[in-house]
Ligand code: HEM
């Protein structure tokens, strides 16, 4: 007996045994799709079907596009991320079922979160009743009325932005993403945190430093993210903090200081910080009895039960910043890139913008932007060709029979909506690589399935900041195009190469363009 035990302790045998256990652990799930009659591709040990993405050989956009095209005639297919099966939808009717019709089965994204992180309790991460309560509470802060009152803050930032654009219009190549990011950092800083950051003027602004820590993930955070999807239990057990502690401390301090200042002052700025503080102190917004309207009794109670304390305000302001600054600045940059490649579209856009401003006594106001129809089409086409979020995720909360099939997804299954694949499918968008704003005339939109266009997601879990995001993206584009021409230069990359590391769709080497003032 002792002999067998000693033999087992032999380092070679022990290593062999452990390798065997690990091998069976990693392949144990690999028959899941075959057993369920779902089309799939043979996965690779340790990486599943995500090898090129996990090893940074491909961008998320290219990876999703390839997967989407593996099964051209199917409504759905299965893949493995490391060892976890994931169900991917191709049929827009199924997207509608998951996001809207059967939302009660898919209310959460299923991205593991470590709640030890003080900023983790934000809307994007929360689940179940906590999410529903907070979403109902926050929705009125994004109403068109509230955003209209904030518009003057966007105009202030746009004026600073135009000075910087004028300064950069020397005819030499300019990296426009850097400029656009300074603008969106200023806008979100001003509207969400209530402070004038002045990233546009101040190269060393702390907000800019924190923003770059957020958008450029280090090798360490990338590895943690891999662990999060491949071994969520271990990830939670280790209590890993994906957000850098320095970033957490910074945002928490900014918010506590702001709350203290605002509570002493009687001046209203009408920004998100004012609204969040009002929610903290009064439970709902003045003149708004709608935050619990349309909810059943249980959900209305959940909304009332949500108490916004200082930590929670910091977490919401943080997610508005994290979800809003880079998505909008890259959208502005992609749009400028396309305008430089398509001078006739740029000309038509400028006319639309100048006419809109002229109609409103030469002023850029909220209403004039709503009337710029061609601008809206250009922005929609930009978000189609370059959706900032290339995919969306949902988790099945209880066994779900996929409509029109005999397939039953078990509780816990991740379902992915491949936004980038749908936006580049020639069956929905002929010549998908061409930039054609006319795809978004009312008439053309009516000819398409609405669930083939998903830049802001869909259903009750869609982007709460959509209205604000569109507004700041449009103000950013207007600031450029109104008085300046953008052109390609020797440093412009055509076609764009997507970054292999970034979670948000962006170009690998930046967006280099030439800016010149209009005569
Ligand atoms: C062009 C800019 C933007 C794009 C393309 C975008 C896109 C998205 C997408 C695709 C989602 C996930 C939707 C889903 O799962 O169905 C999302 C969620 C979210 N976005 Fe945005 N976003 C943008 C800007 C903003 C801004 C400016 C804010 C805040 C000020 C914001 C706040 C949020 C929040 C809080 C969520 C989570 C909502 C929830 O889970 O209830 N986003 N966004």
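Just so you know, glycine gets a Cβ as well, placed from its N, Cα and C.
Small disclaimer: the values here were computed from a predicted structure and weren't measured.
TrEMBL annotations:
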type	residues	note
BINDING	463	heme binding site
TRANSMEM	12-34	transmembrane segment
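Through the fold, the transmembrane segment (12-34) approaches residues 40, 43, 45-46, 78, 80, 82-85 of its own chain, all at least 6 residues removed from its boundaries and within a Cβ separation under 8 Å. For residue 463 (heme binding site), the Cβ neighbour count at a 10 Å cut-off comes to 20, with all displayed protein chains included. DSSP assigns residue 463 (heme binding site) to coil in the three-state reduction, outside any helix or strand.
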